[in-house]
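In what follows, a structure is listed as structure tokens, so that the remarks can point back to it.
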Amino acid sequence: MDYFDIFVSILGSTIRLSIPLIFTALAGLFSERAGIFDIGLEGKMLAAAFAAACLAYVSGNAWIGLLGGIGISIVFSLIHGFASITNRGNQIVSGVALNFIAAGLTVVLAQAWFNQGGRTPSLAGEARFLPIILPGVDVMRDVPIIGPLYANVISGNNILTYLAFAAVPLSWWVLYRTRFGLRLRAVGENPAAVDTAGISVIWLRYRALVVTGFLGGFAGAYLSIAQSAAFINNMSAGKGYIALAALVFAKWKPVPVMFACLLFGFLDAVGNFMQGKPVPGIGEVPVQAFQVMPYVLTCVLLAGFIGIAHPPKAGGVPYVKER
Amino acid sequence: MSTASVPLPNWISYGVLPLLNLAVAFFISGLVVWSIGENPFEALKLLIEGALGRGEAIGFTLFYTTSFIFTGLSVAVAFHAGLFNIGSEGQAYVGGLGAALVALALDHYVPWYVTMPFAVIGAALFGAGWAFIPAWLQAKRGSHVVITTIMFNFIAAGLMVYLLVNVFIVPGKMAPETRTFLPGGQLPKLDWLMALFGMKLGPAPFNVSFIIALVMSYLVWLLIWRSKLGYEMRTLGISPSAAAYAGIPYSRTVIIAMLISGGLAGMMALNPVMGASARLQVEFVAGAGFVGIAVSLMGRSHPLGIIFSALLFGILYQGGADLSFEMPNITREMIVVIQGLVILFAGALEYMFRPAMVRIYQQFAGQKSGGK
């Protein structure tokens, strides 16, 4: 039974660690399927985390914090769009720049406004998204197997967790079952064809980036006002890049994105759990092995050993109308 | 005709436009300083004093400059071949391992000038080795080098922490770092160079790596503009299809360009590892690989431009550190903001002012020739 308890606790932290990845990878999905590479996911997450923590602190309301996170994330997305769509700049360069700006500006402003060494003040009560206890937990808890799973994995998460899992089928539906989604995918593969059909490539790509910003805002808010109770310097800690890896690993498809994020979250959770504990027969596995696993897996995938990942054809190329 | 295809004279393309972009980046940085309640002009004055005010400050500025020249060259070489190497950070980190292994192996036996060439080769080999897999994946499997080099930065970080914590750590010490190199494994400071200008270096770690960096800048210039390989790389960078028609082998050129790029990034490690701390430490690269992107963009991927923009970022780093002591309200991260803004305006938005500039230029050129 001990092993089962461990399993349940690892599963619980897998969920918690996967949520920012799921939001961010879905955010990247929309821009990359529209033909805009987005290295700036990390920066969006960080900026949104900071804005959410600030607004939640000032207003005392987590929802206003979330709105702030979404707002700033959309602003970052639109700057990316201005550089890479309107000015036809290099999308990678623009993403790198926005990551720097987010990493620096959040600390500079946090220090200037709150004077706590680059943190924002701690949030309490209504200013955070608190765990929701689903009905029937007390009754279910004693049921073997299902009980602990229900009580510790399915119940006891905050609202953003459930929204993340709702966002996956919703993203699938938008991408594959709506006119907007069809055009979005088309503009990522062959923008000239979309243009010929009389649809504005620029307007379509901007709308895709707004969706990216919208989802990125949830990821940031999750970090600072749901999982933690404040913004901390560089709290995204490379999660934006892991989400990017997950997006590639899932071959730019929404449902596999969720599973890739869960896998990477699981690796993270196992790594945390295994720290300092020897594995029978192997000895102690260094925690770094678990930390680099998502990146190694993604490179192995890219090498073509686990199927082939085809990125959107027009990705990274600015669209020039007259040619 | 769109303004994008109108040719502009070089002094506008390579002089006025970059300066204009830089000015906007600094103007917005000034707005940020102003918005947190400090005087931007006062901050700029303190920053320049902190970077160039006395011998020691200049020594630190040039120490940072040295690192940025290496990483700037690294990014530039790949860029000429049409590759975006975001992995300089990780390649420099692993390059440090090569430099440290040489220093640890030789410092008991030989003076520094014997160790140095081996250390340069060791650092370059390890850096190039770390660039090889992404290069191979790009060349043979078509997987985007940007994605793979990002992944390899994180893998490098994990690997190096593991090695330092579990293998190289000095028994009985807490800090994850190698033992201190003896003088035979250190690169000496350039006190004499500073003394020529009548300045004292003090404790600043300005060292021989600076000269190696300048030599490498010259070699990169030779490679890119005076060699067959450089010509092939530039052709591939400008037009992959033209390169294919001309019979330039794609895979070979991509892999060699990335190996050179990784080697240059690896050499950056000489400066902090053998020139300053005399030991291999966790996270000694400290973002220099990413600064290299900004340096290369601003320097238009030309070695001379890279030296100047590396100096500018050296001033920003040293001056920014000093500034955060003088004005505690402005933290060191302000440099990161400026860096980001420079990359944004000099890199991603480099063509923003071009249409306006074309219109102005056409008006003046038109007046001179009596209208078109």
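Glycine residues also receive a Cβ, built from the backbone N, Cα and C atoms like all the rest.
Worth saying up front: this structure is predicted, and the values here are computed from it rather than measured.
Taken from TrEMBL, the feature transmembrane segment applies to A:6-29 (among others).
Residues annotated as transmembrane segment in TrEMBL: A:64-85 (among others).
Non-local neighbours of the transmembrane segment (A:92-114) in the same chain are 37-44, 46-47, 49-50, 54, 76, 79-80, 83-84, 120-121, 231, 233-234, 240, 316; each lies 6+ residues outside the stretch with a CB under 8 Å from one of its CB atoms. Annotation comment: TrEMBL describes A:92-114 (among others) as transmembrane segment.
Residues annotated as transmembrane segment in TrEMBL: A:159-176 (among others).
Here TrEMBL flags A:206-225 (among others) as transmembrane segment.
The transmembrane segment annotation in TrEMBL covers A:287-309 (among others).
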Same-chain residue ranges lying at least 6 outside the transmembrane segment (A:6-29) that approach it to Cβ under 8 Å: 38, 41, 44-45, 73, 148-149, 152-153, 156-157, 160-161, 164-165, 167-168, 171, 175, 211-216, 218-220, 222-223, 227, 236, 239-240, 242-244, 246-247, 250, 252, 254, 257-258, 260-262, 264-266, 268-270, 272-273
The transmembrane segment (A:206-225) vs the transmembrane segment (A:159-176): 3 or more CB pairs under 8 Å: yes
Chain residues outside the transmembrane segment (A:159-176) and at least six past its termini with a C-beta under 8 angstroms from it: 15-16, 18-19, 22-23, 26, 29-30, 33, 66, 129, 132, 182, 184-185, 211, 215, 218, 221-222, 226, 254-255, 257-258
